[in-house]
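Asks: Per TrEMBL, the features are:
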| type | residues | note |
| --- | --- | --- |
| ACT_SITE | B:K222 | active site, proton acceptor |
| BINDING | B:G25, B:S26, B:G27, B:N28, B:W29, B:G30, B:F113, B:A169, B:R287, B:K314, B:Q316 | NAD(+) binding site |
| BINDING | B:K136, B:R287, B:N288 | substrate binding site |
| DOMAIN | B:21-185 | domain 'Glycerol-3-phosphate dehydrogenase NAD-dependent N-terminal' |
| DOMAIN | B:211-354 | domain 'Glycerol-3-phosphate dehydrogenase NAD-dependent C-terminal' |
Number of protein chains: 2
Amino acid sequence: MASSSSSSSSSSSTGKKPLRLAIIGSGNWGSAIARIAGNNLLQYPDLFIEEVRMYVHQEEIDGEKLTDIINTRHENVKYLPGIKLPDNVKAVDSAEEAARDADLLIFVLPHQFIESVCKSLKGKVAKNARAISMIKGVEVKNGKIRIFADVIEEILGCKCAALSGANIANEVAEDKFSETTIGYRPGDLATAERFLKVFDTPTFRVGLVEDVAGVSLCGALKNVVAIAAGFTDGLGWGSNAKAAVMRIGLMEMKRFAEEFFEGVKPETFTETSAGIADLITTCYGGRNRKCAEAFVTTGKPFDVLERELLNGQKLQGTETAKEVYEFLKARGKQDEYPLFRSVYSIAYQGGEVVNLTSRL
Amino acid sequence: MASSSSSSSSSSSTGKKPLRLAIIGSGNWGSAIARIAGNNLLQYPDLFIEEVRMYVHQEEIDGEKLTDIINTRHENVKYLPGIKLPDNVKAVDSAEEAARDADLLIFVLPHQFIESVCKSLKGKVAKNARAISMIKGVEVKNGKIRIFADVIEEILGCKCAALSGANIANEVAEDKFSETTIGYRPGDLATAERFLKVFDTPTFRVGLVEDVAGVSLCGALKNVVAIAAGFTDGLGWGSNAKAAVMRIGLMEMKRFAEEFFEGVKPETFTETSAGIADLITTCYGGRNRKCAEAFVTTGKPFDVLERELLNGQKLQGTETAKEVYEFLKARGKQDEYPLFRSVYSIAYQGGEVVNLTSRL
């Protein structure tokens, strides 16, 4: 129903206090999401405080602070140039300030910063706050594997959902048709529905699934499969082989998740945007595929290709392949995931790329 | 165990009569499959009669009969040039002669010939013969929908399996890595395992699923989704949109099969080569995708594009979209399959292609 009050910060006609949203991170994907969230919050003045605080790692662009640029020109000129951000997105250069009293937190930082940033926010977010992780990758440490939603939840003590999908950031920023998937904790559909309001638009369709681990693992493991798909491209093996490797890879992703995580749903992998759809975009576009193809056609090792093609940035697919292999090896299970094993062997042990499918 | 007899036509050491295999059809895909089957049968002299009879629709190439060319030069110069067929594949110009006393029949004909050819074979195949259909498409007649395995089974009175997968024929013929799926009738795993021996090689991996309808429908309905995927290419909507349309299309394929066919397994669509893998190859390569892209970029109707791009051959995707739409409309269910409906509306009713995703 329509609200009797136009104020966005006062308590609403529903009698509930409107929620404060914070975005922790402001790269390419964070900025694309900030645009959607900022616009969407204006639709629900009863539910949300209008202002969205976005944490921006401060840097200077031509002598001007990036936060000042974003707050005056409403554009992240460094990470999402050419796209207008809504006026209610407010850039701040402190994660603590961005997150202060926030009820809903969106984490969209590079994974290496998650732990330290979360520790700095501990005790500063609202009571009963909820978080959502848009972070790709997994943490493998001391022989254990964790998704970043678990890392966030453990440090902050608030439930953490996950969002992933076939979401090339610039296409989302340009309102090209897209879908995404939110994975939520068992029984916590209410949080997923709140985040759905933050994100869903006619061209950015949000699906929900009660499976945080599945959604997170899709985002991490797809990059390993994309390396294998890139190898088939480099070998010139054609469409059948590439589709076969993608299918086998998807089945290994699903099996791995079901074996090592609680409550994973198979359909997260085979039916959602986070699963099969994101695998498709990643295996046809994307840097992992591209570097793996170049690995075969140029014969250069991955560290050289990272320097030449990615300005030294690390490839997620090979890194994840290594972490997953070490995790599996510690359990004597590496042979049960032959595609993951082949990618590791080719990338790190001098394995012959033509043997990619020999054990599948 | 090793056989005590090297004869391929006498009864074997297992005490069972070896089986005669016939291939009904010899186009691009039929010839690629004949090559594999011919080679594989030599591995199992106990199980199979060495000779594989292949029905070839007779035609003259430079004054020579195609059957004579195949039987002397062991190459189908018209439909699979450059590929050597095994010597034990024998081309015959009569379907009845090819099928005479056959225990295993492979149907790989254009669908419009199935009914009349099957009728001509009635009563001529071996008792307890088994068939397998490699025919794409569905038959919609008098408001009913049937897969061709059912048509074959009904006319010949012998159980019919189905084979489909991400199988571009030339790649299979060149031994590039590939997978395929055999769908078999409930309880008839034995037949599937016989056909597996006929087809499986280290580079052509056969998976089995107890679901003839699912496998057949994957091969038919993927072409409708490929039309939609081609539209997104033509519109320049990018990778997210294309992956979203493919995912939504796959879900409609699965739902359609489950609603209108008995015993369909969802995983046939989401986990097998016939399902998700073939959808990927078809939506990235293939004539349906290509013509749909041209439909958007040139503004020409499909019948013109068929003349210009396919020498007048009909596109399977638009034909199947029409058949499926008419079938659904007769049941008042067309709105429950919005992607199928959109493809029909755009291809046949002047629907705006930019509205492709508006109802999804």
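Each residue, glycine too, has its Cβ placed from N, Cα and C.
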Asks: If you draw a 10 Å sphere on the Cβ of B:G25 (NAD(+) binding site), how many other Cβ atoms land inside?
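Replies: For B:G25 (NAD(+) binding site), the count of other Cβ atoms within 10 Å is 25.
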Asks: Distance check, please: Cα of B:G27 (NAD(+) binding site) against Cα of B:K136 (substrate binding site), rounded to an integer number of angstrom.
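Replies: So the alpha carbons of B:G27 (NAD(+) binding site) and B:K136 (substrate binding site) sit roughly 14 Å from each other.
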Asks: So which other residues, same chain and not among B:K136, B:R287, B:N288, have a Cβ within 8 Å of the centroid of the Cβ atoms at the substrate site?
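Replies: Near the substrate site, beyond B:K136, B:R287, B:N288, sit B:N223, B:A226, B:T282, B:G286, B:L315, B:Q316, B:G317.
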Asks: State the three-class DSSP label for B:W29 (NAD(+) binding site), counting H, G and I as helix, E and B as strand, and everything else as coil.
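Replies: In the DSSP reduction, B:W29 (NAD(+) binding site) maps to helix.
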Asks: Select one residue from B:N288, B:Q316: among these binding-site residues, choose the one with the most other Cβ atoms within 10 Å of its Cβ.
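Replies: When each Cβ's neighbours within 10 Å are tallied, B:N288 tops the list.
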Asks: To the nearest whole angstrom, state the Cα distance for the pair B:W29 (NAD(+) binding site) and B:K136 (substrate binding site).
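Replies: Counting only the Cα atoms, the answer is 11 Å.
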Asks: Which Cβ among the binding-site residues (B:W29, B:F113) has the fewest C-beta neighbours inside 10 Å?
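Replies: Each of the binding-site residues B:W29, B:F113 was scored by Cβ atoms within 10 Å; lowest is B:F113.
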Asks: So among B:K136, B:K222, B:N288, all listed as recorded positions, which is physically nearest to B:G25 (NAD(+) binding site)? Use the C-alpha atoms.
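Replies: For B:G25 (NAD(+) binding site), the closest Cα among B:K136, B:K222, B:N288 is found at B:K136.
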Asks: Tell me the residue counts in helix, strand and coil for the domain 'Glycerol-3-phosphate dehydrogenase NAD-dependent C-terminal' (B:211-354), as DSSP assigns them.
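Replies: Tallying H, G and I as helix, E and B as strand, the rest coil: 117 helix, 0 strand, 27 coil.
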Asks: How would DSSP class B:K136 (substrate binding site) in three states?
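Replies: DSSP assigns B:K136 (substrate binding site) to coil.
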Asks: Using all protein chains in view, find how many other C-beta atoms are within 10 Å of the C-beta of the residue listed as 'active site, proton acceptor'.
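Replies: The Cβ of the residue listed as 'active site, proton acceptor' has 32 Cβ neighbours within 10 Å.
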Asks: Can you tell me which of the recorded positions B:K136, B:K222, B:N288 is spatially closest to B:F113 (NAD(+) binding site)? Compare CA atoms only.
Replies: B:K136
